[in-house]
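Annotation comment: TrEMBL describes B:Asp42, B:Asp87, B:Asp238 as Mg(2+) 3 binding site. The Mg(2+) 4 binding site annotation in TrEMBL covers B:Asp42, B:Ser56, B:Asp87. Sequence annotations record features per position, and here TrEMBL assigns Mg(2+) 1 binding site to B:Thr57, B:Asp58, B:Asp135. Sequence annotations record features per position, and here TrEMBL assigns Mg(2+) 2 binding site to B:Asp58, B:Asp87. Annotation source TrEMBL lists substrate binding site at B:His65, B:Glu291, B:Trp343. Per TrEMBL, ATP binding site is recorded for B:Gly134, B:Asp135, B:Arg161, B:Ser240. Under the heading Mg(2+) 5 binding site, TrEMBL lists B:Asp241. The domain 'PurM-like N-terminal' annotation in TrEMBL covers B:40-152.
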2 protein chains.
Amino acid sequence: MLENKDQKTTSIASLGEFGLIEHLTKHFKINQESTLKSIGDDAAVLDFKDKKVIVSTDLLIEGVHFDLSYMPLKHLGYKAIVANVSDICAMNAVPTQVTVSVAVSNRFPLEAMEELFAGITLAANAYNVDVIGGDTTSSQKGLIISITAIGEANLDEIAYRSGAAQTDLLVVSGDLGAAYMGLQVLEREKQVFQVNPNNQPILDDYTYLIERQLKPEARNDVKELLEKLEIKPTAMIDISDGLSSEVMHICKQNKLGCNLYEEKIPVDPQLINVCEEFNVDITTIALNGGEDYELLFTIKMEDFEKIKHNPNFTIIGHMVAESEGMHLVTRANTKIELKARGWNSLMEE
Amino acid sequence: MLENKDQKTTSIASLGEFGLIEHLTKHFKINQESTLKSIGDDAAVLDFKDKKVIVSTDLLIEGVHFDLSYMPLKHLGYKAIVANVSDICAMNAVPTQVTVSVAVSNRFPLEAMEELFAGITLAANAYNVDVIGGDTTSSQKGLIISITAIGEANLDEIAYRSGAAQTDLLVVSGDLGAAYMGLQVLEREKQVFQVNPNNQPILDDYTYLIERQLKPEARNDVKELLEKLEIKPTAMIDISDGLSSEVMHICKQNKLGCNLYEEKIPVDPQLINVCEEFNVDITTIALNGGEDYELLFTIKMEDFEKIKHNPNFTIIGHMVAESEGMHLVTRANTKIELKARGWNSLMEE
């Protein structure tokens, strides 16, 4: 996971801007039928025929969105693509292309950019998206990544944040909170390392959590899984800021309330152990930890039978009238009002 | 042009991320029929029917691409949109949507962001493009702007950088070099201001040059102008890095050479005066000055009669075999090999 610090480095300036772009983009393959013209002109040309076009964009700043002291550049490249692909998946659409712009300060050698683009290439191949354009420039400070993801869908497939009705069921893919606790483990190891650089971390008990943080995956399988179940999601959003925040988005967009059941929230056994070790409440982490990139969606109540035993999905609650409010129903069967706490501040209490 | 430093300012943090996005995007109007869903979901949804989709992206970094000491934020917002719209125009396509992501350090108050977005809104309205998405975040240093522009065209309308044939004519819209000399005037005034802040600059002799630098326009009229002339460009590129560099791109993409005629290169009378004042060669500036956002294109020789007296266009040369090389034919009728010098270094000799 760590970079080899002994290798010889090459300055980016030695290639020039056009040389750098050519060097970094030569491994990109074109797989999508809709990509007519990719990198190398003023713009790319795409053909979606009778499909609708889905567009989402993200800006990632070193020191704000990522910390290179525990995020290897290859993982960062992978995760940057995943985060944007996830937004397309959250529309119940198929990701097809991305553009990738990168700005770096002169402290980054060419080899660092190669690592970053190796991660981008890996993710592009894993998610079958074509890298069709971008921009490479210098920054005054740190690394900046801007990604625009493009996808396609038939109009009747698209799931917005709106579209949910009262009595719809709230469903989530995968499990929650692991990416956030992975970050806590990595931050603790960073502090240990700063005190004693010879201390080799033993991370065997945290592999799942660390992988969820460093190499998350977007749920581009959910669209097909739901199609096979013959379920059309009525509303959908991806979980990047934490379950609580996203559930509240769905409620507000639909002018509805909800009951969310604490005992139903899916968590991994490793999360339970690590929350005990860190002495933090599992439900708080699962509700508010971000970067899981799972999908949260609503389905009609009559679809309950189709989905109830599916291992990919968990029914975690249901929508109610707006006047009833947004609540978490605890294991002790008390109702607590839902709050979006923002995962940056979870560990500070 | 200068900002009022006395006004009260509001911190961005006081609005929160979602509040900020809502505040800054509330003036955006949707004009394009192809925009089905804009800001407010995980992604935007577009419908281009049987048109092809054109995508281009750019990353602009304070201190690298712009200097806020003479570039007011409103102008910067306008110019950022123009530069990207220009890339769509350079495909002979119609710009339809943009996404705008912005990162700012905490030295920027809300009012600064309002100015930036006022310029973005002005340009979006002027070019009839919908702002359909984006991202707003904090940066560790300075202002960062990332824009993705989207356009549409019929397949047979699209002009690539490739497509030119030997004997095709080289044509350019508008005039060249003015934006670069506008920047030189502004940099000189900045130095004067630093020596004596009470010195009020008199810029009457430079208005055209300064406007070309601070409020350039993309040539979204060229597509229609050429249609009326019944001319299909065989290859096209926008002039952002300087005429010389762009002509060389066209030559290399088409494995051709060219003859470019010095006496034909269109320049504004104001440029001639200012080049004399600064004691720099007009042709050097017109060939290598960047950021004009004019369009360079090739047409078939038989279209000469259709375009020769058109005030919007100037025929500046023609393509030749690759083996003949890329040359500037001077007023003294000598041939000089074309070089792309990069406009950043023009004034350093």
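Each Cβ is built from the backbone N, Cα and C atoms, and glycine gets one as well.
Any TrEMBL annotation is an automated prediction that lacks curation.
Overlay of TrEMBL feature records on the structure.
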{"residue": "B:Ser56", "record": "Mg(2+) 4 binding site", "Cβ neighbours (10 Å)": "30"}
{"residue": "B:Thr57", "record": "Mg(2+) 1 binding site", "Cβ neighbours (10 Å)": "27"}
{"residue": "B:Asp58", "record": "Mg(2+) 1 binding site", "Cβ neighbours (10 Å)": "23"}
{"residue": "B:His65", "record": "substrate binding site", "Cβ neighbours (10 Å)": "20"}
{"residue": "B:Asp87", "record": "Mg(2+) 3 binding site", "Cβ neighbours (10 Å)": "27"}
{"residue": "B:Gly134", "record": "ATP binding site", "Cβ neighbours (10 Å)": "26"}
{"residue": "B:Asp135", "record": "Mg(2+) 1 binding site", "Cβ neighbours (10 Å)": "20"}
{"residue": "B:Arg161", "record": "ATP binding site", "Cβ neighbours (10 Å)": "22"}
{"residue": "B:Asp238", "record": "Mg(2+) 3 binding site", "Cβ neighbours (10 Å)": "27"}
{"residue": "B:Ser240", "record": "ATP binding site", "Cβ neighbours (10 Å)": "21"}
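The secondary structure of B:Asp87 (Mg(2+) 3 binding site), as reduced to three states from DSSP, is helical. When the binding-site residues B:Asp42, B:Asp87, B:Glu291 are screened for a C-alpha within 10 angstroms of the C-alpha of B:Ser240 (ATP binding site), the residues that qualify, in sequence order, are B:Asp87, B:Glu291. Restricting the binding-site residues B:Ser56, B:Thr57, B:His65, B:Gly134, B:Arg161, B:Asp241 to those with a CA within 10 Å of the CA of B:Asp87 (Mg(2+) 3 binding site) leaves B:Ser56, B:Thr57, listed by sequence position.
Taking the Cα of B:Asp135 (Mg(2+) 1 binding site) as the reference point, the closest of the binding-site residues B:Asp42, B:His65, B:Asp238 is B:Asp42.
Between the CA atoms of B:Arg161 (ATP binding site) and B:Thr57 (Mg(2+) 1 binding site) there is a gap of 17 Å. For the pair B:Asp58 (Mg(2+) 1 binding site) and B:His65 (substrate binding site), the C-alpha distance works out to 11 angstrom. Within 10 Å of B:Glu291 (substrate binding site), counting C-alpha to C-alpha distances, fall none of the binding-site residues B:Ser56, B:Thr57, B:Gly134. Distance between Cα atoms for B:Ser56 (Mg(2+) 4 binding site) and B:Asp238 (Mg(2+) 3 binding site): 12 Å, as a whole number.
When every Cα pair among B:Gly134, B:Asp135, B:Arg161, B:Ser240 is compared, the largest distance found for this ATP site is 31 Å. The binding-site residues shown are B:Thr57, B:His65, B:Gly134; of these, the one with its CA atom nearest the CA of B:Asp238 (Mg(2+) 3 binding site) is B:Thr57. Mean pLDDT for the domain 'PurM-like N-terminal' (B:40-152) in the predicted structure: 93. Cβ contacts within 10 Å of B:Glu291 (substrate binding site), excluding its own Cβ and spanning all protein chains shown: 22. Applying an under-8 Å Cβ distance to chain A, the binding-site residues B:Ser240, B:Asp241, B:Glu291 reduce to an empty list. When the domain 'PurM-like N-terminal' (B:40-152) is classified with DSSP, helix, strand and coil residues number 34 helix, 44 strand, 35 coil. Reduced to three states, the DSSP call for B:Ser240 (ATP binding site) is coil.
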